[in-house]
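Taken straight from TrEMBL:
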{"type": "ACT_SITE", "residues": "A:487", "note": "active site, proton donor"}
{"type": "BINDING", "residues": "A:344, A:345, A:600, A:601", "note": "substrate binding site"}
{"type": "DOMAIN", "residues": "A:13-246", "note": "domain 'Glycoside hydrolase family 65 N-terminal'"}
{"type": "DOMAIN", "residues": "A:310-688", "note": "domain 'Glycoside hydrolase family 65 central catalytic'"}
{"type": "DOMAIN", "residues": "A:698-749", "note": "domain 'Glycoside hydrolase family 65 C-terminal'"}
């Protein structure tokens with residue numbers, strides 16, 4: 001099925017197919033960073049996944065599970081019983097079906113005609129999660145009778161707490177009831193983290209001969225509305241919903257009693273406003289976002305422009321901008337995949353967008369890592385290390401590591417397989433440091449830098465110092481038994497990405513210490529006391545030059561790890577031609593793949609991209625040509641890196657092919673791959689491909705670089721970014737690029753093709 | 001929809017209607033007392049309830065819930081993907097649909113033709129829960145291609161642990177995997193009672209071009225089978241399943257490891273046998289049951305005979321005959337209603353069937369109450385009483401009271417309503433005593449009598465002694481603030497049923513003590529030591545004659561309680577003409593009903609039925625005529641009592657009307673009333689109506705009475721029963737009744753119309 005059309009602001013599903021419910025549920029997910037909701041239909045289908053999540057409300061169902069975002073009671077649910085028959089799109093005849101997500105204002109609509117025996121109705125559904133009121137959701141349904149005979153309608157609508165996270169129930173059933181004869185309320189609590197929730201629902205029905213009856217069941221409370229739909233007549237159902245929780249920072253009093261009152265008062269106050277009014281209010285907030293550095297792509301393929309809208313829409317749906325105790329999940333708030341946990345994906349893939357476009361949100365994201373220092377200490381200690389070792393998967397900042405320890409049983413042996421990432425996928429610590437360094441360099445946020453960033457930068461270096469293993473045979477410090485970004489290879493020694501980034505982390509801390517001692521001795525003293533820097537720095541200084549950095553072979557290839565290059569090579573062409581890697585794993589098992597030069601995702605190449613100044617152009621080219629054919633791109637994080645790196649290397653045709661594949665990860669016609677949620681990293685990757693890849697922006701070792709190069713198919717690219725308080729717009733054409741600085745602030749220095757420029761107001765640089 | 005046809009051994013659903021899934025799931029439930037399973041379809045529908053329960057495996061999901069039988073992972077589940085389209089009866093065209101339960105052998109079958117675009121298939125499903133192997137389930141599916149073009153089929157079949165009890169998940173996900181490359185196993189554990197479960201599944205597929213792939217997800221493991229269905233070809237899928245738990249008494253070693261091995265060994269051993277073999281083995285066990293005292297009714301209405309088959313089938317499906325730590329739930333094992341808890345329903349409604357037909361099962365049921373003494377002490381103590389106060393709702397015998405304390409919120413006030421039954425519906429204690437006394441009288445089980453029954457009889461009397469409240473104004477001992485069988489009336493004083501049965505309990509204990517002191521002083525001494533009988537008996541003797549027994553008014557009406565007769569009377573005719581009492585509650589709320597002479601179910605009349613010797617015929621007649629018109633029969637326990645009492649009173653036409661309504665409670669065309677499970681008490685009531693009501697059997701004060709009276713519509717009734725080790729068959733015709741005793745045991749004395757008879761071999765008593 002195709003979800004994109006000549007519309008730059010819309011994702012559309014034409015025709016209903018119950019095999020692919022998960023696709024539109026995920027890619028049309030609604031949200032506002034406080035909550036995110038899959039776009040499951042009002043009526044129910046067996047294979048649907050009716051998930052709605054509230055950011056940060058982690059709970060652990062049982063001792064043997066890890067904490068995850070609980071799927072909250074479902075409020076979108078409505079059953080339509082037409083002349084006694086429960087409506088379903090699998091019954092009768094459905095025509096003119098369309099389900100659409102308006103990316104500009106976040107409204108989801110669905111409409112169709114439904115014929116069943118003598119009945120013919122037109123249904124129109126509209127809904128949105130308010131971006132203006134974080135706790136608020138609205139739904140508006142119109143039913144028209146297209147036939148010449150009257151129809152009896154019953155609607156069951158309320159809140160259903162029988163939903164689970166694939167069977168795990170996170171909520172203890174709380175009180176429920178009808179308030180003021182009018183509003184449904186339900187107050188469950190998470191069973192381990194003890195977070196109180198208040199769900200409130202109000203209905204407004206416009207129909208003939210309306211009667212109603214409330215009904216309660218276990219974990220459920222709903223209204224039954226009965227009305228007539230005369231021949232050619234119509235009815236409307238408006239449903240307004242809110243969620244409050246006892247971790248909401250915008251509440252003064254987080255008692256259930258107070259939350260209930262707040263919710264009721266809000267419902268009552270909003271009765272003055274129509275659905276349209278409330279949508280407009282939300283749309284205005286979306287508009288503010290869209291007006292911030294809009295990206296305009298003039299391309300042969302409209303999908304390129306649509307993709308950037310799609311990416312930015314979802315980045316804002318999924319990012320808890322309201323609370324620095326929360327971060328972005330690997331599937332955002334759009335599915336149960338990865339349990340709402342935060343990975344390195346944030347720093348390497350999503351944070352750059354916020355650094356350059358919404359520094360205030362970026363600040364929250366890096367503050368989350370500062371708040372996570374305790375958890376990182378906990379993890380380091382439990383592994384016998386010092387300093388801050390960031391968790392591979394993170395939930396609440398102080399939780400430390402939350403990666404599940406045991407995965408599904410091996411199909412053949414029946415034994416549970418151990419998930420090693422939480423123990424040995426250690427590059428996440430330098431990834432976090434890298435993200436923090438990018439944040440302070442791009443934003444120039446002095447307060448965060450001095451209060452928080454330095455501490456992270458030293459504390460992570462301290463970890464690496466304790467992590468290094470001395471090899472007396474070689475007189476080098478090594479990092480053994482890790483997983484690098486290429487997760488096909490478990491328990492490798494000296495993964496290039498890990499060693500280089502750890503080395504960078506240590507190097508940077510050493511130079512920072514020197515700088516601080518001179519420029520800001522007070523800050524240094526404070527951190528010295530807190531972290532014991534005197535001792536740590538001596539240790540790091542002694543080790544730094546002996547950290548083993550895998551060196552290029554005589555062919556110029558940086559070994560991914562100690563043994564990679566000695567492994568067997570097979571031709572992956574036939575697997576790469578197909579989408580997905582199922583083919584490879586039909587022929588080989590993971591153990592066999594581990595013994596071959598097959599890479600899951602950019603590993604050495606990611607290093608070359610992120611630390612471009614450390615490696616010469618020629619070496620990058622050789623490594624690209626060596627590794628890419630061996631890479632399955634079996635991670636949504638891989639294609640965008642390849643697109644950018646190949647653009648950097650001047651391979652624009654190849655790059656654009658990667659770009660097209662990368663932007664299609666969720667938006668494209670892959671009907672199953674988004675079932676567990678959309679790919680947050682991939683969405684950050686779309687923005688990076690456009691602004692970093694083709695816009696040529698990069699923050700390298702504290703210096704801004706701008707070197708645009710458009711693919712053949714693009715005639716013009718307009719983008720913008722914030723840089724240390726200045727707002728810059730760039731227009732790239734085939735002829736060159738023009739920069740404009742918005743206000744009369746400071747001049748901005750940047751590098752382009754090794755020349756240093758200063759942007760005062762506007763500047764054109766010829767190609 | 002009509003579920004009965006001219007077939008005395010079958011319940012059939014003709015035509016599929018997704019509105020009424022619950023009906024056939026419940027009334028066609030399968031089971032063997034160890035497990036019970038709703039007959040949900042293999043494929044899934046949104047409003048289904050896929051419940052399967054293992055008797056006795058109670059678990060409490062959370063502190064604020066009470067323990068309940070957990071819905072175990074679903075093994076019947078199969079998805080059929082035909083040419084890429086998931087099969088559903090709501091899609092395409094369905095014809096020749098029939099779903100049938102064979103009551104004789106417990107096999108469920110379902111078949112239909114399904115047309116979808118160019119596809120036309122015939123499906124045939126068969127399944128049973130083995131009565132020969134308590135842990136074992138079998139399913140057999142045949143798919144025929146009726147069209148001239150080949151079809152591609154994918155089947156997903158395995159075990160799904162994502163099911164819950166209406167949202168409450170009782171299981172911690174355990175290990176799962178494939179054993180010996182062949183058998184699926186899953187090992188979850190209940191989260192509070194820590195019961196281990198082992199689920200094992202094997203498949204045997206007979207199809208062309210078969211390939212397979214295992215798949216695992218959260219709480220799920222299943223096989224995907226891919227095959228071709230050539231034109232006019234067919235395929236079969238056999239699925240064998242077993243469940244073991246760590247409370248299984250038939251296991252020597254209840255470790256998970258051992259249970260896994262036992263299950264695999266059984267699967268392997270049974271490969272020698274076909275589905276038919278295994279069904280035959282189970283059928284043989286059913287046959288043994290059917291051969292025990294078969295009941296033959298020659299009636300104008302075949303439904304009468306069918307009803308007794310239906311009742312006996314379900315009584316055996318739901319009764320955990322294998323373990324005296326378990327008892328019968330109010331909905332058997334056929335639904336989540338009443339959480340699998342045991343009520344007075346057992347003693348008053350189901351136990352009589354087992355007493356007279358399967359005394360070995362009856363023994364388990366009363367032993368459960370003996371094991372429940374600790375729980376009953378706990379309850380008495382917590383309420384400030386002595387002795388044994390049985391719980392209103394019971395789970396594990398030692399748990400004591402498990403009635404939920406709080407019910408759903410009041411719709412108007414939004415406040416939770418307190419459920420009072422667990423506190424003040426106290427007649428359950430004398431009901432248990434009554435059941436135990438019936439058991440020992442009917443069976444003559446000396447060992448149980450001496451070892452267990454006497455203790456229960458004294459301990460409950462001790463409770464009543466402590467419960468009685470002295471009223472100095474009247475010089476009577478009263479029982480205030482109770483709920484009687486008529487649950488419309490909460491907090492009443494001196495409910496006749498409660499006071500009379502308590503008085504009986506005390507009286508009986510006093511006479512038993514006198515008897516024992518003489519005949520069995522050793523037993524008396526033992527119990528005296530254990531229960532402090534010397535003190536208790538003095539107290540009881542002082543009180544017994546001053547226990548307040550509500551006396552008939554001058555019109556001969558026994559007041560249901562102190563205030564009932566002073567309340568307003570309204571005409572219930574219009575509500576009673578309709579089925580169900582919804583009408584009444586549309587016009588009045590519960591508080592208003594409480595203030596009127598409206599009775600939910602037999603209350604005074606139940607007393608008159610159970611203790612017929614205490615009340616003269618004329619008084620019974622007057623009370624019947626007074627109370628019945630005021631009774632809504634808003635409990636499945638009411639109609640059968642009225643049918644029997646009216647038969648006793650010679651009102652046979654009226655009685656037969658009650659009988660017909662009563663036998664239709666589950667079997668009849670009420671499409672929603674069985675959704676939460678079938679009505680166990682009503683099924684016991686069906687047997688009682690036939691054998692007690694029309695067969696005229698009764699055990700009154702230790703004496704057997706037989707006074708048959710057939711309704712007009714019946715020409716002949718044959719039934720049988722066990723009595724103190726003797727097996728008696730009775731044939732009732734319009735002319736009289738003939739008794740036959742099976743073997744050369746003891747003579748049996750019985751009373752009929754106040755004459756004493758002795759049955760040696762055979763005897764005919766003319767009407």
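Glycine too: its Cβ is placed from the backbone N, Cα and C atoms.
Source: prediction; values computed, not measured.
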Other same-chain residues whose Cβ falls within 8 Å of the Cβ centroid of A:344, A:345, A:600, A:601, the recorded substrate site, in sequence order:
A:343, A:348, A:485, A:487, A:602, A:635, A:637, A:638, A:681
How far is it from residue A:487 (active site, proton donor) to residue A:344 (substrate binding site), counting Cα to Cα, in Å?
13
Which residue among the recorded positions A:345, A:487 has the fewest other Cβ atoms within 10 Å of its Cβ, if you could check?
A:487
Among A:344, A:345, A:600, A:601, the annotated substrate contacts, find the widest CA pair distance and round it to a whole Å.
16
Could you give me three numbers for the domain 'Glycoside hydrolase family 65 C-terminal' (A:698-749), the DSSP helix, strand and coil residue counts?
0 helix, 33 strand, 19 coil
Taking the Cβ of residue A:344 (substrate binding site) as the reference point, list residues of the same chain whose Cβ is under 8 angstroms away and which are at least six residues distant in sequence.
A:392, A:427, A:428, A:431, A:432
Cβ neighbour count (within 10 Å, all chains shown) around residue A:601 (substrate binding site):
23
Across the domain 'Glycoside hydrolase family 65 central catalytic' (A:310-688), what does the pLDDT come to on average, as a whole number?
95
I'd like the Cβ neighbour count for residue A:600 (substrate binding site), meaning other Cβ atoms within 10 Å of its Cβ, all protein chains included.
20
Going by DSSP, give the three-state secondary structure for the residue listed as 'active site, proton donor'.
coil
